[in-house]
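Enquirer: Pasting in a structure now, in structure tokens, and then I'll have a few things to ask.
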């Protein structure tokens, strides 16, 4: 007996890991959920997950001595897992599974186990039989919400079901293709992974008539902490961030309320704080004193499947061209719409502005037919020249000359307008990078911008969509509203112009307030804040190469 | 599953200083201390359940814990019958230091 056992053990492929019973449960619920968790290593826990864990903690405390909780693994069967409870009833060993929710009711309103739960308890039974060498006659599931106990008898059919499912799950784990969304939307509305999987958006991509229900959180209310003052120190104390400044009392912020820490110029952060922030998935970004984006802490581990698919897709030149055309169109339309909006606000007639708007329309018409990335760059240059050429026309007539605009220049910016644009784009690329890192894509491989050492191309690509709504608009409107002081808010050194400390503070305020405004997504039809839109857009981009495309690059201001 | 958030009052009475300290530190990560043993936290359902689970691992049956969800109306009316500065709201979403 033992020798045959050994032979079998050596004959199976040892690199093939066992599957968790709870992953098998996920597989029975939705193969896509299983794939996202097991292969792509995406986990998001929702309230039900934590409530379930708490139930187990509470049962733990209430139970008397017959409580037994076991971690089991069997390589031949290919399963591992922790049995909720094991009891002996009339000489038989019976595994128990506790569920927080309600049971399934059949046509006659009789209580039944849900299919995925039934499979899970059967899997535990098989695991017990295989690793303890006993025969289990049944498993039991208790549904706590309606207090129902269901007996699941173990028979050969059940054992077959378990081993078939293990085989299917193993196949899927080796596959490089993400399974499609399931047909039953009810499952998605209950699923903890829906903000990552975006099932409703995938359905919309296949069926334009679909009215998506929003499963994506509307807003992220956690704070972005900008540290401008040099010499400020960020540390950790308990579950809080501690911000210490010279001559001021320490400030403490709860970690759950922080989404990013942005360190401008030379503020300090401790290693403990860095560890803590990475552990809690908080973004850490560095911006130089001159307002240049320096970099971000990249804590991605895993997410390799997503990046492999990205490499595969973005090395196909046709595919890149297609995406690039969408992007240039999106940005150009946005610029044109912004000029048109500006035209409404100024009273006087401006023939230059009219002309530029008309010319942009003509150029934009040609964009979908462009045949190469090089000529696309030419078209983009054309659009940008027309746009920036017409931009001074939408500034109010009482704006002082020193805030005027006469063409884009940078590195370093030579006038106040350009200094604001440059600083704004630095903040924007920081937020785009944050979204890319959150989703787990590779920022260094883009589809439009070519690889350079300066900045990550994918971030530059995605940034194009948000330049107009998040930066250009606030610069122009704040100038028209006379919100700037030409002396104190800027730092003029000969040819070079920077924002001064107070200017940067003012700009960050305007920018962050803008990000908190919500915008109705033109395709999905629900509104989100810009903070969330950034992340949604990256996820929609990822869908472009997963067979669920068509929603990327549709954000055009009206 | 748009994440609706609410203010919660979280009050506890913990018999052992060791557990008390653990719970106190944990709660500091979620919200603001109003008084000893009373915190206020701005939580979604997801975060509330996470917090309850984490607390459950620390507390024992002899400790007391109560979470009170405040409706939007409750929070709106709070300044009417309290000292000023009792319940300040700061919902900017960013902080410049």
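Including glycine, each Cβ sits where the backbone N, Cα and C put it.
Source: prediction; values computed, not measured.
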Enquirer: Which of these, A:374, A:380, A:517, A:535, does TrEMBL say binds Mn(2+) at the same site as A:449, A:464?
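Expert: Matched candidate out of A:374, A:380, A:517, A:535, per TrEMBL for Mn(2+) with A:449, A:464: A:380.
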Enquirer: Which residues of the same chain, at least 6 positions away in sequence, have a Cβ lying under 8 Å from the Cβ of residue A:380 (Mn(2+) binding site)?
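Expert: Correct list: A:328, A:331, A:332.
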Enquirer: Residues with Cβ closer than 8 Å to the Cβ of residue A:464 (Mn(2+) binding site), same chain and 6+ apart in sequence?
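Expert: In sequence order, the residues whose Cβ lies under 8 Å from that of residue A:464 (Mn(2+) binding site) (at least 6 apart) are A:327, A:328, A:330, A:331, A:448.
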Enquirer: Counting across all protein chains shown, how many other Cβ atoms sit within 10 Å of the Cβ of residue A:449 (Mn(2+) binding site)?
Expert: 21
Enquirer: Could you name the residues, excluding A:380, A:449, A:464, of the same chain that surround the Mn(2+) site, i.e. Cβ within 8 Å of the Cβ centre of those residues, in sequence order?
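Expert: Surrounding the site, in chain order, are A:324, A:327, A:328, A:331, A:377, A:448, A:460, A:461.
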